[in-house]
């Protein structure tokens with residue numbers, strides 16, 4: 001299947017173009033490619049392409065859906081006929097007849113499908129990772145139980161529209177630049193239904209539908225991420241009699257976690273450690289989605305080193321296995337030191353670089369003369385004791 005071109009590209013417009021710009025451009029292109037005027041090969045297909053782009057972009061609701069979801073947002077929500085329904089083509093022929101054949105001529109549009117709805121669902125990091133069932137309350141329109149959706153008062157029924165004779169369409173003919181164009185527009189009296197209600201239902205005032213609320217449970221699968229869309233078929237607004245209800249689209253939003261971040265199916269976390277733990281090594285308990293686990297920090301670990309905890313990440317959608325947890329080590333530098341800690345660090349610096357401050361050397365020499373020799377711990381043990389006590 002060929003990939004559809006971008007509607008804005010077809011009309012040569014940008015996404016911030018006004019409705020007037022869209023209408024003006026369409027009229028110009030439609031006049032150029034209308035098959036009654038342009039007999040070149042491909043002109044009719046070009047005209048259809050232009051008309052489809054205009055039908056979507058000239059309608060605020062369809063345009064918003066397209067801007068957000070692209071062609072998928074239009075194809076999933078509207079039938080081919082719904083795309084063109086209600087658009088003002090400015091007299092450039094019978095668009096319905098051109099797209100759908102002569103069978104559309106003279107017939108009512110038929111019952112309209114219900115509108116799709118969207119609901120933003122917020123879940124915690126853990127709920128998205130493990131899956132959760134959430135109860136939601138959706139405002140929507142439902143079929144009126146009093147009139148069964150007809151809009152007519154009980155005991156009565158809708159009548160044929162006198163304005164269009166029940167066709168749902170009004171045809172007009174006009175001449176432009178010496179050419180005669182036939183236009184079919186939706187009947188304004190019956191809005192394309194072919195019927196009118198003379199005695200409206202007292203419950204829905206003739207609309208056939210009423211506002212209501214629907215409580216339901218939504219299953220968010222393990223591994224869901226922000227932006228994921230769940231489609232619940234038939235849970236949108238009610239359609240007209242004989243037409244299906246729209247769908248409900250649940251947009252998942254995952255709230256931020258205090259410690260964890262997510263990249264694909266991996267969990268990212270940071271682990272602050274002391275510089276003695278980094279230098280000497282240590283076994284440290286690390287928080288994961290599945291509880292605390294022991295992780296070994298080898299001696300000589302540098303700050304920003306990353307350690308991988310296998311299978312401690314997010315469950316993969318529609319697949320087996322999990323991601324990993326990536327733990328980035330952050331070495332903390334102490335800001336308040338005791339004299340003992342400073343002395344030990346000076347000694348460490350001397351052993352590392354062979355240079356010791358003269359004042360410290362004299363002080364330590366005098367101290368050693370006044371003390372009796374005794375067995376002492378190694379330098380690293382002293383440093384560890386001093387900084388972890």
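The backbone N, Cα and C atoms fix where each Cβ goes, and this holds for glycine too.
Note that the structure is predicted; figures quoted are calculated from it, not measured.
In Swiss-Prot, the feature region 'Disordered' is placed on 145-167, out of the ranges 76-98, 99-121, 122-144, 145-167.
Per Swiss-Prot, the range carrying the annotation region 'Disordered' out of 312-350, 351-389 is 351-389. Note on the repeat 'CXXCXGXG motif' (144-151): residues 157-158, 197, 200-204, 206-210, 238, 240-241 of its chain, located 6 or more positions outside it, place their CB under 8 angstroms from a CB of the stretch.
Mapped onto DSSP helix, strand and coil, the repeat 'CXXCXGXG motif' (161-168) counts 0 helix, 0 strand, 8 coil.
Of all the binding-site residues given, namely 147, 161, 164, the one with the smallest number of surrounding CB atoms inside 10 A is 161.
Mean model confidence of the repeat 'CXXCXGXG motif' (187-194) amounts to 84 (pLDDT, 0 to 100 scale). The distance from the Cα of residue 190 (Zn(2+) 2 binding site) to the Cα of residue 144 (Zn(2+) 1 binding site) comes to 19 Å. Across the binding-site residues listed here (190, 204), the residue whose Cβ sits among the most other Cβ atoms within 10 Å is 190.
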